[in-house]
């Protein structure tokens, strides 16, 4: 009984003391942290108090060692058809096929990264980070896998469409509403804007995308399998949301050998993405038809641009930017002998840049903004990163575009080492006929001469070679004058002996 009477007032005193302390803490706006430690079964507590000045100092110290940058982690996914194509190129060796395909996907990413490294968004650059790859080695694992029920449903739908078309021809009439709908989803038409206006829900902002003029009809799998482009992006989005074991990423790109078909049935569409849905789970994605190497990476960069918030140049909201200027976000990208037009294909117009800057201000795009610890420039690490053309040689670039038997065209009328940087010509090895695509530049880093490689469509000196080779006899190599080296370094045998010396002087040969 006595214990009960004693405990009550003690309890009340404790409550009053805690409440009083809370009020005092609120008034002073000080923050206290309790550090607890257990040693030999005994618990110790240490209260550490911080004032506003202390906290501000901590923030200052934190920020002084940190910097915010734009960074995007990109996952590259290959479908089953892509795997089959590389299996054929690897003579049925599955291990080699997977290895080669991984290198190809990495090369596509590196080329896309190079493109974005050259674009400034205000005072910032968007740094692409390679999140990894995922390859569908079985048909059932493919993100675009179509079940028997879906195939039957599509067959019935196609039959119905053909029936309606025949009826339409018989009646010699036009369905205005259907025509408008077809136009408003097909990237060949300016009225695409109807589905991407700012007052539309994001889920409806789907973009049937980039088209390429005068495309070759055949490539490594002859594009015999087709899929509706809208269905492709929808299936890929659902697939991404269902997967639990994928590498962590903020945008996913599906590389497919399916021929992407627009709603009106043509195959000019080469990619599709949601507009402005960067960072959104599953919706931050794009589907890219694998036309071939440098061209595929350009489409990939284009689609990521849409996801970041860019519209097509020349659209209603971007009317001041002419699509004919051939910038990255043009409706149709084409190859051109004009140097500036070629360079524009790797740049963004002011309209695209401004659209992306505005979209990145949205809270939904916060995943792109990251705090990084300040570090000194590590030039050596950057120098040792392989360029896409080092990962995938020119022969493989031909094979991906046209088939496993194709090699670079050596016909004197087509082949000039330096010209491959802007356009590669290929032949199947059994005929003199050479083929190319309307836009088919070599990957950056593709060899285009002795100690030369392709950068931005130009064949330039490969300074990286200086680090990769050494003179066998440096004393002998250093005794020759520049005029003599100019002559001697043309010899392959001499170059092998004086590799580093000839590499340094390579620009004069």
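Including glycine, each Cβ sits where the backbone N, Cα and C put it.
Listed in Swiss-Prot for this protein:
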- 1-20: signal peptide (SIGNAL)
- 52: N-linked glycosylation site (CARBOHYD)
- 65: N-linked glycosylation site (CARBOHYD)
- 123: N-linked glycosylation site (CARBOHYD)
- 172: N-linked glycosylation site (CARBOHYD)
- 183: N-linked glycosylation site (CARBOHYD)
- 189: N-linked glycosylation site (CARBOHYD)
- 207-372: domain 'Peptidase M12B' (DOMAIN)
- 218: N-linked glycosylation site (CARBOHYD)
- 219: N-linked glycosylation site (CARBOHYD)
- 279-367: disulfide bond (DISULFID)
- 302, 306, 312: Zn(2+) binding site (BINDING)
- 303: active site (ACT_SITE)
- 350: N-linked glycosylation site (CARBOHYD)
- 390-464: domain 'Disintegrin' (DOMAIN)
- 465-506: domain 'PLAC' (DOMAIN)
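Shown on the structure are the features that Swiss-Prot records.
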{"residue": "123", "record": "N-linked glycosylation site", "DSSP (3 states)": "coil"}
{"residue": "279", "record": "disulfide bond", "DSSP (3 states)": "coil"}
{"residue": "302", "record": "Zn(2+) binding site", "DSSP (3 states)": "helix"}
{"residue": "312", "record": "Zn(2+) binding site", "DSSP (3 states)": "coil"}
{"residue": "350", "record": "N-linked glycosylation site", "DSSP (3 states)": "helix"}
{"residue": "367", "record": "disulfide bond", "DSSP (3 states)": "helix"}
Secondary structure content of the domain 'PLAC' (465-506), with strand meaning DSSP E or B: 29 helix, 0 strand, 13 coil
Residue 123 (N-linked glycosylation site) and residue 302 (Zn(2+) binding site), Cα-Cα, nearest whole angstrom: 21
The domain 'Disintegrin' (390-464): DSSP-derived helix, strand, coil residue counts: 16 helix, 16 strand, 43 coil
Other CB atoms, at most 10 A from the CB of residue 123 (N-linked glycosylation site): 5
Nearest-integer angstrom distance between the alpha carbons (Cα) of residue 303 (active site) and residue 312 (Zn(2+) binding site): 10
Cβ neighbours of residue 279 (disulfide bond) where a neighbour is any other Cβ within 10 Å: 20
Model confidence over the domain 'Peptidase M12B' (207-372) (mean pLDDT, whole number): 87
Cα-to-Cα gap, residue 123 (N-linked glycosylation site) vs residue 306 (Zn(2+) binding site), nearest whole Å: 20
Rounded Cα-Cα span from residue 306 (Zn(2+) binding site) to residue 367 (disulfide bond), Å: 16
